[in-house]
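Colleague: Quick one: structure below, then a few questions.
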Amino acid sequence: MSALFARARAWLLSVVCVGYLLYAACSPLLLDQPVPLEGPRLMGVVVSAGMLVLALTGRLRAFWPRLAFQVLLAFLTVYGAQLTLQSGSLGEQVVYLLWAMVAFPSYVVLMGSRLGLVIGLLLIGAIGVMVTRTATLSPEQQLYWVTGLFVVLSLLLTHYLIAEFIERYLTIHERTSGELQAARLDALTGVAGRAALEGELQRALDAARRTNSPLSVILSDIDHFKQVNDVHGHGVGDDVLRAFAKRLRRNVGSAGTVGRWGGEEFMAVLPSVSRDDALALAERLRQSVSDSAIAGLPITASFGVAALRPDDDLNQLFSRADERLYDAKNGGRNTVR
């Protein structure tokens, strides 16, 4: 499940745990006699504190810690119901049922909708059997328990439907996002594809206009790439493209976005980078390519640099970079213009 759902789970469970800890701390202050911290109350405090720590530290993302706490919660639920039924105190029974209305829906958050629903139904059934076999309950107390269990069941089913919807939506969203991301990437090199580059360039241009900040682009083209394919084969040519893209991306880093424009031509979109800085970066890229082999072959590349002018649109900016690249190719290749 997505990180978003995991964070939501952690926060929801944290709210429940903090609520119970506050109840355990504040309820004795409202009574004339001290309330001993023992039995189910003590277990509830320990489990709530432990789950709160795990939730806030991100440890509840793993399945097994959540399952371990679910087992403890299930035991505490049944054990607490048994002691509450045996006590004969209507007040304690009402308190138990009120907290059950919070605890049972949290099962679908902790364990996922389906497993949480199964666990909740089994526990409701077990408590229902215990209620029917407790002969000391008055008719009024039996009514409270039956009403409480039906309310708990309704809340459990409602939260199951909500959780199931959220899980399905997030699954579809993750799959769709993954497909869209894959579609934006060039299948061969793994860098941004042409459509993604055009979108990134337009966003960078709009941002540069709003903030009055510089914007530069670098166009690069592998020199004599056709000879690589003719002499060494298209498989080696593909290796060269992948290695070239990787080297560009590594050298550009966080300064911008690298993508494949088409064929052996690549582009780097550089927001907030002036033309002088872009020229210096292009020279470093040129040296990085020429100084060491690309996929085992001595490769060079030519680079054209353009910076945004006040009246430029996207096409004008790109055309100027393309002209500079053309000048670099005609000027002997393995150069920056």
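Quick reminder: no glycine exception, Cβ is built from N, Cα and C everywhere.
In case it helps, TrEMBL gives these features for our protein:
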DOMAIN    213-337  domain 'GGDEF'
TRANSMEM  42-60  transmembrane segment
TRANSMEM  67-87  transmembrane segment
TRANSMEM  93-110  transmembrane segment
TRANSMEM  117-136  transmembrane segment
TRANSMEM  142-162  transmembrane segment
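Provide an account of the burial state, proximal residues and distances for the features listed.
Modeller: In the domain 'GGDEF' (213-337), helix, strand and coil residues by DSSP number 64 helix, 31 strand, 30 coil.
Same-chain residues lying 6+ beyond the ends of the transmembrane segment (42-60) with a Cβ under 8 Å from its Cβ atoms: 6, 9-11, 13-14, 16-18, 20-21, 24, 66, 69, 72-73, 76, 79-80, 99, 110.
Same-chain neighbours of the transmembrane segment (67-87): 39-40, 43-44, 47, 50-51, 54, 60, 93, 96, 100, 103-104, 107, 110-111, 119, 123, 126-127, 130-131, 134, 136-137, counting only residues six or more beyond its ends whose CB sits under 8 Å from a CB of the stretch.
The list of residues near the transmembrane segment (117-136) in space but at least 6 beyond its ends in sequence, with Cβ under 8 angstroms from a Cβ of it, reads 70, 74, 77-78, 81-82, 85-86, 88, 104-105, 107-108, 111, 142, 145-146, 149, 152-153, 156-157, 160.
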Colleague: Over the domain 'GGDEF' (213-337), what does the predicted model average in pLDDT?
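Modeller: Averaging the confidence scores along the domain 'GGDEF' (213-337) gives 94.
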